[in-house]
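Annotated features, as they stand in TrEMBL:
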type: DOMAIN; residues: 70-150; note: domain 'Cadherin'
type: DOMAIN; residues: 151-259; note: domain 'Cadherin'
type: DOMAIN; residues: 260-374; note: domain 'Cadherin'
type: DOMAIN; residues: 375-479; note: domain 'Cadherin'
type: DOMAIN; residues: 479-597; note: domain 'Cadherin'
type: REGION; residues: 14-35; note: region 'Disordered'
type: TRANSMEM; residues: 596-627; note: transmembrane segment
Amino acid sequence: LWVLFDGGLLTPLHPQPQQTLEGEPRQNVVPVPGRRSSAQRVKRGWVWNQFFVLEEYMGSEPQYVGKLHSDLDKGVGTVKYTLSGDGAGTVFTIDETTGDIHAIRSLDREEKPFYTLRAQAVDVDTKKPLEPESEFIIKVQDINDNEPKFLDGPYVASVPEMSPVGAYVLQVKATDADDPTYGNSARVVYSILQGQPYFSIDPKTGVIRTALPNMDREVKEQYQVLIQAKDMGGQLGGLAGTTTVNITLTDVNDNPPRFPKSIFHLKVPETSHIGSAIGRIRAVDPDFGKNAEIEYNIVPGDGGNLFDITTDENTQEGVIKLKKPLDFETKKAYTFKVEASNLHLDHRFHSVGPFKDTATVKINVLDMDEPPVFSKPMYTMEVYEDTPVGTIIGAVTAQDLDAGSSSVRYFIDWKNDVGSYFTIDATEGTIATNELLDRESTAQYNFSILASKISNPLLTSKVNVIINVLDVNEFPPEISVPYETSVCENAKPGQVIQTVTAADKDLSPAGQRFSFRLSAEASNKPNFTVHDYRNNTAGIETRRNGYSRRQQELYFLPVVIEDSSYPVQSSTNTMTIRVCRCDSDGTILSCNVEAIFLPVGLSTGALIAILLCIVILLVIVVLYVALRRQKKKDTLMTSKEDIRDNVIHYDDEGGGEEDTQAFDIGALRNPKVIEDNKMRRDIKPDTLRFPRQRPAAEDNTDIRDFINQRLQENDVDPTAPPYDSLATYAYEGNGSVAESLSSIDSLTTEADQDYDYLSDWGPRFKILADMFGEEES
């Protein structure tokens, strides 16, 4: 029996002494071990028989868990027990009277290992709790119902071949969902069911190691090992799980390369090109990857210098290539040795032996029908220009080196543009000129000569021929640019004003030498002289103290130039020397003729500035006159159009009664009202609001008086626009000053009319007033 206090303390149940205090209810007294009775703590508590329940219970009746009991329960049915928390009512039930707890369904510890519940004792009559609510735990007791499982299986591992016994391969791990703290349900032991005697496993840690030495990958590469994990410490009745481990032996370089045969025979045509592959040999290495990479080398010996060997990285074959041309007539067979060795060696297997092998290669040269062979790879010849046509320059030679020698025929490759300048003798191979050559046009000719066998014209060979055209001194030297120079007016005697050089179209192999001098007619003039510097240059020097542009602006100096070739060629070149005005430092200020006549104190820049100012003033005057004319024209047009009355515009038809913008309708209003207001009619008046004076109606029932009243109000208001034609023209009434203008219903004749008021309407009606005034008179 155990007691669970509110604080969570479990202690064995002992007989509980009771204390009865007057006026206080009975309390649970639980002694604390090791303390005196006088120091015992008084605390209420719950009592039950058991707090463990078995998982996977398969009985027909609910599984009994335990019993709750309060020391206030006298067994007379006055106490009611209640249960709440995890699984209360669904997993666990309690007898309200006895406090017995039962599990009503099977439990799985791996799904939920414990349940936390709360219990309370309540008085049946008052429904009040007799004890504070207490919490307790029901643990699910584990049974061995789960087998070990390899969560990471199946496994893949590798180990180098030829590894010693005990070499680490892999560690496997199985997981058991049972409680590892209770019994042996979760204690796993490992064993090998398949894979012995090659591998072993540690039963506790699951580490797999090699069990046999020197396992060879070339013998067997893949191994499949079946591992078992069993709980209950491997005892009988324990549950087991298995997994597969696929182990691969990785390669190491433990095998040297070997040639399958000791001698390789190859046949090579003598026409094979240099650098071409003439054969392949292969050494076999059972290793894999980089351990099987082979390097081939030719052992120095007979014929080895004519051939080379490289490794094909894809097939690991030795490719034999030709380094020099073969000639059947010179040598018909070659023999040499080839060595094959591994590139990546493993020092652990040096004791096995040397990791290389040697084989012999015999090459037989096959005789082929070859084209003729020229005696030189290239021919260079020289010829003087203007050499007569048909002159032999040189010759080319080609031979047929085959056993049955054939005659050779020569011809020029007509693909070149220079084929027409030369000819070749088809039998002898001599080259001659076909046209006159000019070095100044073409200094060198480059073309090809073809040679073919008469017995087989399809077999041809080609050689390049270069012909250099040598120069003949036929052109005189000339002065290089410039042909014109200048001299300052203040020049001193002996001053160099220009250094000249010469150029010659001829090309001398030893280099040209030029000499400079004045012509005979110029030597007597004391103006300029030529100083030859003996290095193919000469200086033009002054001989006078100052020059005047007013006297002579231009001087012409003839210079004679001779070359040193044979025959000597010379030419006279005239240089133009212009006299210029300079400053004291010799800087040229002006060389123009017009500058002679300009004032001394006025420069060209100043003249340009003066001209620019004059042009600007002229432009301003023109613009001013144009603006004045434009302004005058605008004023005239404005005066013509401003006639102060829109009525005279007879060319514009009005828009009707509603058109208030075409003309000033105010002229039609009562002239007395207009006269009283004295307002201008040629401009729009300011909006003024006058108080409307309503005269007293003589008869409110008379409609005519009502209209008359409205008409008078509009006549009095000069600012009222004539928007409403009804208000203006519908009915004038008897009170209108101008009365009716219509002849209808007129009570009087024209003789009775008085037109004096027209004079009061302003100057616009002056003509009308004069007309009617004359009729009256």
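The backbone N, Cα and C atoms fix where each Cβ goes, glycine too.
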Residues of the domain 'Cadherin' (479-597) by DSSP state, where helix covers H, G and I: 8 helix, 54 strand, 57 coil
Taken over the domain 'Cadherin' (375-479), the model's mean pLDDT: 87
Composition by DSSP (helix, strand, coil) of residues within the domain 'Cadherin' (260-374): 13 helix, 54 strand, 48 coil
